[in-house]
Amino acid sequence: MTEFQEKLRQQHEESMHRELEALLGTASKPEAEISRKDFDGFKKLFHRFLQVKGPSVEWTKINRPPEDSIQPYEKIRAKGLPDNITASLNKLAVVKLNGGLGTSMGCKGPKSLISVRNENTFLDLTVQQIEHLNKTYNASVPLVLMNSFNTDEDTNKILQKYKHHQVNIHTFNQSRYPRINKESLLPIAKSMTLGGDNAEAWYPPGHGDIYASFYNSGLLDKLIAEGKEYIFVSNIDNLGATVDLFILHHLMSQPADKRCEFIMEVTDKTRADVKGGTLIHYEDHLRLLEIAQVPKAHVDEFKSVTKFKIFNTNNLWISLPAMKRLQEKNSMDLEIIVNPKTLDGGLNVIQLETAVGAAIKSFNNAMGVNVPRSRFLPVKTSSDLLLVMSNLYSMDAGSLTMSKKREFPTTPHVKLGSSFTKVQEFLARFENIPDMLELDHLTVSGDVTFGKNVSLKGTVIIIANHGDRIDIPAGAMLENKIVSGNLRILDH
């Protein structure tokens with residue numbers, strides 16, 4: 001670095017430290033203690049952000065992962081299960097990433113509290129799954145929720161209702177980092193408060209924060225003391241992320257000196273997944289490559305289904321002792337994702353984030369497992385919600401499985417227009433969820449409603465132009481049809 005740039009960097013860093021100290025001065029003593037730990041993490045991230053310029057990977061050094069570094073799930077499943085899987089289960093804890101709000105689906109509060117199936121929320125389904133596991137195998141797998149300052153209070157209120165379920169629930173909070181002004185590179189917060197003028201001044205820094213905040217919360221040590229060896233981490237909105245006994249057994253059956261410390265579940269890419277992170281071989285390690293790290297000139301190559309055939313489901317199995325070791329040595333060098341945002345008032349800010357899967361390069365004997373698509377069933381939009389609410393899936397003890405009545409294993413491609421974005425509006429447009437067992441593709445655009453017991457098969461496209469409305473009548477069966485124009489069905 002030239003002398004000028006070096007001085008500028010030092011200046012930015014000193015100004016940042018001054019501002020952070022001033023912010024801590026506005027907090028109560030217990031709050032300041034927690035925030036100081038958060039800010040220590042933020043300072044490290046900010047320091048690295050100032051050092052690194054440009055993409056964090058050199059494209060020419062990227063190689064496909066070696067054959068044996070990503071195992072097919074069938075091979076792991078073929079090993080079978082031991083007589084006593086309970087012993088392995090008792091060394092496991094399940095961690096769900098629960099920091100997100102339901103805003104993208106038009107809901108207030110934590111996303112995990114949206115009803116997805118028969119009045120059950122994401123959180124209900126998770127608790128049912130783990131309780132079923134504990135009862136079936138007489139095990140004690142705890143559930144750990146990583147909340148954010150956005151979701152913590154609402155989640156804790158709800159947790160009361162699971163008091164009598166056979167599952168121990170722990171929570172911890174991920175860090176709260178300050179958004180920084182894109183020009184001055186200083187925090188936009190005026191004090192440590194969350195409300196009022198400061199409502200947009202803070203953010204939870206992505207799920208890569210799990211390592212530091214889990215360690216800082218004391219929960220990591222507590223679980224190790226209870227004899228837990230691995231955690232299974234996944235997004236709470238991925239309904240396919242259930243505890244897989246075969247992967248668990250694979251981890252537990254490795255010899256002590258070859259212990260696999262990190263498994264990332266990957267699955268085959270389809271056209272819908274072109275933005276998902278992928279596994280690469282880079283400087284002798286497996287690494288997660290996210291779209292944000294790719295130089296602009298290579299984005300199309302990154303999205304290609306031929307060169308990068310798999311993507312990260314964010315279902316991860318991580319060794320607790322290894323996590324503790326790496327955190328204490330401060331040797332987890334997670335790539336920084338710079339996320340630019342424009343606030344309501346037009347102010348440009350940046351938030352520095354990291355991804356949980358990026359740590360794969362720091363763990364010993366890390367590997368990928370290429371799992372069936374059924375382990376990746378995220379609900380990000382109302383189109384996804386329509387699929388999981390429909391008869392395509394049957395539910396058993398909180399787990400969704402593809403209905404036996406569906407002839408082929410792929411899920412239909414569903415695109416619902418902007419009139420369906422918000423969950424409330426979406427629900428109001430269906431008297432009940434159509435039969436979709438034989439559906440391949442559904443596109444709906446404009447002001448469209450569905451009567452009772454509608455059946456959709458093959459490819460169905462329904463388009464109501466601006467000012468028109470289409471009411472699909474009760475009992476209608478649409479197979480390979482395009483519906484357009486205006487159709488009103490009114491009560492007489």
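From the backbone N, Cα and C atoms, a Cβ is placed for every residue, glycine too.
Taken straight from TrEMBL:
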BINDING   Lys111, Gln174, Gly206, Asp237, Lys380  UTP binding site
BINDING   His207  substrate binding site
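If you draw a 10 Å sphere around the CB of Asp237 (UTP binding site), it holds 22 other CB atoms from the protein chains shown.
When the binding-site residues Lys111, His207, Lys380 are compared by the number of other CB atoms within 10 angstroms of each CB, Lys380 has the fewest. Residues Lys111, Gln174, Gly206, Asp237, Lys380 are the ones the record ties to UTP, and the longest Cα gap between any two of them is 21 Å. Comparing Gln174 (UTP binding site) with His207 (substrate binding site), their Cα atoms are 8 Å apart once rounded.
Cβ neighbours within 10 Å of Gln174 (UTP binding site), excluding its own Cβ and spanning all shown chains: 28. Looking at Lys380 (UTP binding site) and His207 (substrate binding site), their Cα atoms lie 16 Å from each other.
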